[in-house]
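S.K.: Here's a structure for you.
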Amino acid sequence: MEMGRLVFGLCLILIVGTFLEFSGGATAAKGVTYDGRSLIIDGQRKLLFSGSIHYPRSTPEMWPSLIKKTKEGGIDVIQTYVFWNLHEPKLGQYDFSGRNDLVKFIKEIRSQGLYVCLRIGPFIEAEWNYGGLPFWLRDVPGMVYRTDNEPFKFHMQKFTAKIVDLMKSEGLYASQGGPIILSQIENEYANVEGAFHEKGASYIKWAGQMAVGLKTGVPWIMCKSPDAPDPVINTCNGMKCGETFPGPNSPNKPKMWTEDWTSFFQVYGKEPYIRSAEDIAFHAALFVAKNGSYINYYMYHGGTNFGRTSSSYFITGYYDQAPLDEYGLLRQPKYGHLKELHAAIKSSANPLLQGKQTILSLGPMQQAYVFEDANNGCVAFLVNNDAKASQIQFRNNAYSLSPKSIGILQNCKNLIYETAKVNVKMNTRVTTPVQVFNVPDNWNLFRETIPAFPGTSLKTNALLEHTNLTKDKTDYLWYTSSFKLDSPCTNPSIYTESSGHVVHVFVNNALAGSGHGSRDIRVVKLQAPVSLINGQNNISILSGMVGLPDSGAYMERRSYGLTKVQISCGGTKPIDLSRSQWGYSVGLLGEKVRLYQWKNLNRVKWSMNKAGLIKNRPLAWYKTTFDGPNGDGPVGLHMSSMGKGEIWVNGESIGRYWVSFLTPAGQPSQSIYHIPRAFLKPSGNLLVVFEEEGGDPLGISLNTISVVGSSQAQSQFS
């Protein structure tokens, strides 16, 4: 009986779902308020499903398709952060071009009839470099981030007002008839508030009042901030907000979930986190059953951390396990199963938003959440929390529910959806090589010069902090020194400690060893044998970062780089060079001359491949050219033959790669790196790779990316 009802109900939903609207389209929004049940847009309650898409993690050419697929998945709102360090890379100098064109992104959302939740922050975390804060903030005198600190509050308010004024000037707030129905100030402040003591509480109160004072005409939210001041709405982030969120801090605020994690971030050396479609659907349905009226999937499309935008140790692909993968392809059954959930819930929006809730116990681990109204009908959520299937009696009918599942009863009778029953077929992503770069004569090589102490312009008698010198303009800083050996040294070795992410140690121009940390190991310790000569010996150590941190209290106090250098001779006491004279060189020559651009290729002397010498060279720049693949589908570079570095295509960085950092299963965390079609020309594309460790460019391949199996959200009920 239940299966017949399920088939009938889903058929009906999928037929009428396209035409179902609660109270008008996004482009007609004139005002947004709220009460304890939901947001109210143009005087009508809204039950909203939202999906996070971050505009700089894809290209403007991708935005229309991503938004279209998101809308077709039953999503009403697109939620995005605003990226301060992209928009104000230098104090007072703003950039809203290309992937940074926030206005264009929002207007595209509006053109497709969806709403926007604009998370201004401007601290955002987001696994983004420095949590979105521009690095120049650290050099402002007296600066302490995210607390009751006047320098920080000044710059935070200035940027927040800049974004609000930009949105107003384009008429993009709902109060102006635009699509923006919500704005967010700050981000997950509960994680750090205790570290600032009473200044944390006063800061969050100030932040809320400052935001409200900007008069956007739409509500402000704070995620993971239980003490959000009125009228700011505090919201939940997590995987199980239906179980963990006690609700907003006022009965007059709606229950909202701003981050329902569809997967989880991934760092180098770790496997991807796989969250099932069934689990996401269960907790989303439970949140609605418990009076939730806004759910945002974080991420709905993750995209790519182009350039150096990822935070410490995070891979370049972002939330690839989302309903729309890194390339914007449907990930089934996650996409389709959630689409059916949205349709099922929206079919009963009226009783959900207008009806009275009743909670019934139907067994030791079974409940019913019933919403009923004489004028608006009835809907019930039957919840089975048991690890085994359960037969549930409800209103004189029997329903069989799978383990850990929620069934949705339209009209409190017809079982139209069950979270644990997936009707959408799984698809599989396929990579197809279209070109292997295995012709040696097609590659050219340029090797970085290893600097020596005498040639450096900055010298001190101490090991300086890495980012104080680089200002986050580059990942790299050379530490150079020299010492004289007057007596024989048996079994010589060098020992280094670093709070940076990577070190490459050269002694007398020979690589002695390399080491790196991880998200879990914060201090890099390296002991390596070396060859020394009588007389003067040169030490050159390349310190590397893999992104700045994205979270935590007192981020402005974090320090990185070398902290100890010692030379040992057999069993004798080590020679501590930490307080010797050190010289510094910021960045790489190839970076300084922008060797990845066509116009700068002749600024260095490239070598042709000779007898295989192009392989396994540390600190090497490689270049070649290639033609773009036919078609318009996604494209990626397979980099499994390389080690660690960065990739540019026609001058655009597609991100860092680190395929030598293996997971416990012995595989790279990421092997294929996305090249957006917008970066490509039909022919004559320039590929430049900087390799830190040593790899074989002859093993790199160009691939097209596609899916086989279910490419649309179709099921046996459609």
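Placed from the backbone N, Cα and C atoms, the Cβ positions cover glycine too.
Swiss-Prot lists 1-28 with the feature signal peptide. Summarising the annotation, Swiss-Prot assigns active site, proton donor to Glu188. Feature annotation from Swiss-Prot assigns active site, nucleophile to Glu259. For Asn291, Asn468, Asn538, the entry in Swiss-Prot reads N-linked glycosylation site, with the evidence type sequence analysis.
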S.K.: Where Glu188 (active site, proton donor) and Asn291 (N-linked glycosylation site) are concerned, what is their Cα separation in Å, rounded?
M.R.: 22
S.K.: Over all shown protein chains, what is the count of other CB atoms within 10 A of the CB belonging to the residue listed as 'active site, nucleophile'?
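M.R.: There are 23 of them.
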S.K.: Quick check: in three-state DSSP terms, what is Asn468 (N-linked glycosylation site)?
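M.R.: Going by the DSSP assignment, Asn468 (N-linked glycosylation site) falls within a helical segment, counted as helix.
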S.K.: DSSP secondary structure for Glu259 (active site, nucleophile), reduced to helix/strand/coil, please.
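M.R.: It is in a strand.
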S.K.: Take the C-alpha atoms of Asn538 (N-linked glycosylation site) and Glu259 (active site, nucleophile) and report the distance between them in angstrom, rounded.
M.R.: 52
S.K.: In angstrom units, rounded to an integer, how far apart are the Cα atoms of Asn468 (N-linked glycosylation site) and Asn291 (N-linked glycosylation site)?
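M.R.: A Cα-Cα distance of 49 Å.
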S.K.: Could you give the Cα-Cα distance between Asn291 (N-linked glycosylation site) and Glu259 (active site, nucleophile), in whole Å?
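M.R.: Approximately 17 Å lies between the Cα of Asn291 (N-linked glycosylation site) and that of Glu259 (active site, nucleophile).
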